[in-house]
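Here's what TrEMBL has on this protein:
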| type | residues | note |
| --- | --- | --- |
| BINDING | H103, H271, H275 | Zn(2+) binding site |
| TRANSMEM | 60-77 | transmembrane segment |
| TRANSMEM | 83-105 | transmembrane segment |
| TRANSMEM | 117-140 | transmembrane segment |
| TRANSMEM | 152-178 | transmembrane segment |
| TRANSMEM | 238-255 | transmembrane segment |
| TRANSMEM | 306-335 | transmembrane segment |
Amino acid sequence: MLSLIKLPRVFTINQVPKVFHEDSIISGYRHPRSSATDCILSLFQLTNETLNIWTHFLPTWYFLWKLVMVVLIQRAWQDSFTWPLLIFLFSCCIYPLTSSCAHTFSTMSARARHICFFFDYGALSFYSLGSAIVYSAYVFPDKWMNSLFHQYYIPIAVLNTVICTALACYSRLGFPFLQYNHDIMKRFPECQRPKFSKYMRVVAFAYPYLFDNIPLFYRVFFCVGEGCTDMNTNILHYYHITLALLTGFLFATHLPERLAPGSFDYIGHSHQLFHVCGILATHFQMEAVEQDMMIRRSWLREHSLPITFASSLGAALFCVVQNLIIIILFSLPLLSGPVCKEKKHNKVSFQFFISLF
């Protein structure tokens, strides 16, 4: 059937505007003003985004299955002890689904690209909060239970997610209305200072991850003797930490394509590897927290802080609302102007396309 459908054409880096360029990726770019239909059809042809999409879209269904099992079998809504796991699994479904949608529809226009990845950043920061909530409930080392750090851990994690989303969005365009609007196509700081923009984005996501994992790092690397939680679950946490660090390394370094630009355009570039490692890290993280929850259930019910609406579902809902507000604020300037102005600005950039269609 696909042979009867005319798939969209792909282009080289010199045929698309700079905003669509990827470091050391030379070919396989989709049309920078693709229709929604073209974006969906591109899922079934080989472009430099195809595996980025599928490596997150397919795992979404596995994570969704895990979520449904918790809801149906453990009846999560009836037991507050299960609420943190429910939030975490929901965040595990949201971030890969949002990422796959962002990669799918990001070539509809320059505006669409930015807005798609604003949502991607918000979903990743929500996943960070989901990790913090589930760690607070099931993973904290025994000797840190009910400590001052434990009591303020979730509020700080909520604040971190807001900062993470705002900083990541800022790294693309700067401050809305002040540094960009619908008429400004040369953006700050991504186009003018791409390395600074990249470093800012790395910091935006590295900081909440490092904070969320303080109790886990202490538990598996430093805690010895009485009051430590030394179980078979720790090996799963090791796997998760190793893969998470590898994920960050790939995201920051753009290896291996930087070593041989053009050789990994379609298969094997860092973003694909980053997606695969991130999903595997989430899988081991999920297995680890579920084991901690089951093995430590009785002890946690007696010694840990009580799981309340405010520290679980309430914190998650607050994060969702705040992230949506931030995304809307950064998106408004891109949506406030008529589309024709963007077309007029890009007339010179796209004149070479006239002869192609």
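Note: Cβ is positioned from N, Cα and C throughout, glycine not excepted.
Counted over residue pairs 6 or more apart, the CB atoms of the transmembrane segment (83-105) and the transmembrane segment (152-178) come under 8 Å in fewer than three pairs, which marks the two as apart. Neighbour density at the Cβ, taken as the number of other Cβ atoms within 10 Å, is lowest among the binding-site residues H103, H271, H275 for H271. For the recorded Zn(2+) site, residues H103, H271, H275 set the reference point as the centre of their Cβ atoms, and the other residues of that chain within 8 Å of it by Cβ are E49, L51, N52, I53, T55, H56, S99, Q272, F274.
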